[in-house]
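**Q** Sending over a structure as structure tokens; questions will come in a sec.
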């Protein structure tokens, strides 16, 4: 994911605009996405991202987490296959939040619904344009492989 897009997502999470995401802000966004988590699960997510252990996630920590954390950027190091499996599971969970009808594809309307819940003022037409930019197979939707490429910054753009 390009840094400009990561910054835009970060700003959605950073509700008070102080340049860092608190556990409360993370929990609020997850509730808006229809994925309310208990305090323990929110804390676990924060711990995964908060490499300097100050209790908040700043933009650099957020970017490192979403672009494949390394041990130098707060990652756990360890077995690459374990990290890849954990990353794949997290991506699948994120994909399911967007895929409201569980058909394995994210439509412009599904993307629009989630972005509106996050406070974005975009239109369905804007969402269609976003989807076209990553829709490698031309079906008008984003499947999991396209979503994975988009989230990993690995191409898929036309």
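Glycine is treated like the rest: Cβ placed from N, Cα and C.
According to Swiss-Prot:
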DOMAIN    1-36  domain 'EF-hand 1'
BINDING   14, 16, 18, 20, 25  Ca(2+) 1 binding site
DOMAIN    37-72  domain 'EF-hand 2'
BINDING   50, 52, 54, 61  Ca(2+) 2 binding site
DOMAIN    86-121  domain 'EF-hand 3'
BINDING   99, 101, 103, 105, 110  Ca(2+) 3 binding site
DOMAIN    122-157  domain 'EF-hand 4'
BINDING   135, 137, 139, 141, 146  Ca(2+) 4 binding site
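Map the listed features onto the structure and describe their local environment.
**A** Averaged across the domain 'EF-hand 1' (1-36), pLDDT for the predicted model comes to 83.
Reduced to three states, the DSSP call for residue 18 (Ca(2+) 1 binding site) is coil. The Cβ neighbour count for residue 18 (Ca(2+) 1 binding site), using a 10 Å radius and every protein chain shown, is 11.
Long-range Cβ contacts of the domain 'EF-hand 2' (37-72) within its own chain (Cβ-Cβ under 8 Å, at least 6 residues beyond either end) map to 1, 3, 6-7, 9-10, 13, 19-23, 26-27, 30, 87, 151-153.
Under the DSSP three-state reduction, residue 61 (Ca(2+) 2 binding site) is assigned to helix.
Below 8 angstroms of C-beta separation, residues 12, 29, 32-35, 68, 127-128, 130-131, 139-144, 147-148, 151 of the same chain, each at least six residues beyond the ends of the domain 'EF-hand 3' (86-121), sit close to that stretch.
Listed in sequence order, 105, 106, 110 are the same-chain residues at least 6 apart in sequence whose CB falls under 8 Å from the CB of residue 99 (Ca(2+) 3 binding site).
Same-chain neighbours of the domain 'EF-hand 4' (122-157): 1-2, 66-68, 88, 91-92, 94-95, 98, 104-109, 111-112, 115-116, counting only residues six or more beyond its ends whose CB sits under 8 Å from a CB of the stretch.
DSSP assigns residue 141 (Ca(2+) 4 binding site) to coil in the three-state reduction, outside any helix or strand.
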**Q** How far is it from residue 137 (Ca(2+) 4 binding site) to residue 103 (Ca(2+) 3 binding site), counting Cα to Cα, in Å?
**A** 16
**Q** Under a three-state reduction of DSSP output, how is residue 105 (Ca(2+) 3 binding site) classified: helix, strand, or coil?
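**A** SS state of residue 105 (Ca(2+) 3 binding site) = strand.
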**Q** Hey, what's the Cβ neighbour count for residue 25 (Ca(2+) 1 binding site) at 10 Å?
**A** 19
